[in-house]
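Quick look at what TrEMBL annotates:
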ACT_SITE  Asp68  active site
BINDING   Cys93, His95, Glu127, His153, His348  Mn(2+) binding site
ACT_SITE  Glu127  active site, proton acceptor
DOMAIN    179-273  domain 'Peptidase M20 dimerisation'
Amino acid sequence: MTSPYVELRRQLHRIPEPGFQEFKTQRLLLDYLETLPQENMEIQTWRTGILVYLKGTNPVKRYGYRADMDGLPIPEETGYNFQSEHPGYMHACGHDLHMAIGAGIVTQFAQTPMKDDLVVLFQPAEEGPGGALPMLAAQELADWMPEQIVALHIAPEYPVGVIATRPGILFANTSELFIDLTGKGGHAAYPHKANDMIVAASQMVSQLHSIVARNINPLDSAVLTIGKMEAGTKQNIIAEKARLEGTIRTLSAEAMQLIKSRIEAVARGIAASYECQITIDYGSNYLQVYNHEELTREFMDWLTGESDSGVQLVECTEAMTGEDYGYFLEKIPGFMFWLGAETPYGLHHAKIEPDERAIGLAIDTVSRYFRWKSGSLDESPAVNR
Ligand SMILES: CC(=O)N[C@@H](CCC[C@H](N)C(=O)O)C(=O)O
């Protein structure tokens with residue numbers, strides 16, 4: 001029989017929504033939360049997010065768990081019979097699993113409280129424009145601010161049972177990148193009377209790709225990806241406008257600064273040689289995910305000691321993915337970890353089908369960890385997987 005959390009994940013999978021438009025997602029989660037015992041639980045909404053407070057029996061400390069909520073603009077190509085009902089949108093980054101795990105953790109503590117308090121946060125807009133910073137600034141969270149926080153991200157490359165993390169930097173600094181080029185359009189047969197922005201944008205993409213290869217110290221990892229290019233209106237019209245959309249990833253703040261200044265130099269060169277106007281917008285920027293060194297090491301040691309939990313700990317390297325959870329870790333001590341959910345297709349792929357057995361394992365592991373921290377491990381109920 002399918003567990004209630006897998007069922008909830010499937011329902012969430014059907015309704016992926018863009019950042020700050022997670023209206024149906026919020027409704028579905030609120031409906032689920034209403035089915036739970038309410039005696040020691042309080043719920044607040046913030047924009048399309050949800051904050052759940054679970055009161056402890058004799059609280060000294062307040063812990064936190066954060067799950068992200070938004071989907072991605074990807075037309076789904078999985079074989080699921082619970083595919084996205086929102087054309088062109090898909091949960092392709094595991095946020096449906098992250099939320100189902102969050103709901104499972106709430107269930108565990110609504111049914112059997114621990115000694116300490118727990119706040120579970122469902123945060124909108126992780127993929128963009130970023131919900132973490134405004135949520136951290138919101139009065140709703142200020143009143144319930146956790147003293148330690150945990151989050152996870154599914155990992156398609158690890159089997160179920162693997163939890164991978166490291167003390168220190170786990171995910172990169174990120175900056176979005178939007179470049180608009182404006183030249184002069186015209187008839188395809190009169191190129192000498194126009195400034196073709198398809199040619200200018202193509203040149204610019206090549207030059208942008210040489211920045212990481214030729215300006216960044218190879219020992220200081222960085223990535224610049226252009227994920228979208230738009231130009232032109234018809235095959236026999238010279239394009240007056242072009243737009244490039246991408247993202248920059250770095251492990252150091254200095255490399256981010258350097259890449260941005262090189263992008264601006266490339267833009268000045270292209271603008272001069274193609275006699276066009278270029279504007280650059282860096283969109284939203286996320287801070288690196290920096291795991292608290294002692295707390296992460298303590299979690300890793302605890303996992304290693306949990307011999308019959310079915311979890312295998314891997315100490316992994318950093319990844320160039322980004323996460324606005326980095327802003328939580330800037331303010332609140334805590335960590336993030338990768339949760340094995342093996343599938344042949346990676347994050348942000350139209351065919352990704354994460355292994356759902358990861359859901360029960362994560363609910364069990366995170367709940368047991370909080371109970372252990374709180375000195376309440378003896379009261380640990382089994383998870384309905
Ligand atoms: C885990 C993950 O895939 N996160 C996203 C975060 C996106 C940040 C921002 N919108 C950007 O594109 O720079 C990622 O792409 O790493």
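Start at 1 and count along the chain as shown; that gives each residue its number.
Glycine too: its Cβ is placed from the backbone N, Cα and C atoms.
Any TrEMBL annotation is an automated prediction that lacks curation.
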Those binding-site residues, out of His95, Glu127, His348, that come within 10 angstroms of the residue listed as 'active site' at the Cα: His95, Glu127
Mean of pLDDT values spanning the domain 'Peptidase M20 dimerisation' (179-273): 97
Distance-selected recorded positions near ligand 1 (C-beta under 6 Å), from Asp68, Cys93, His95, Glu127: Cys93, Glu127
Among His95, His153, His348, the one of these binding-site residues whose Cβ has the fewest neighbouring Cβ atoms within 10 Å: His348
Lowest local Cβ density among Asp68, Glu127, which the record lists as recorded positions, within 10 Å: Glu127
DSSP-derived class (H/G/I helix, E/B strand, else coil) of His95 (Mn(2+) binding site): helix
Chain-mates of Cys93, His95, Glu127, His153, His348 with C-beta within 8 Å of site centroid, Mn(2+): Asp68, Asp70, Leu72, His91, Ala92, Gly94, Glu126, Leu347
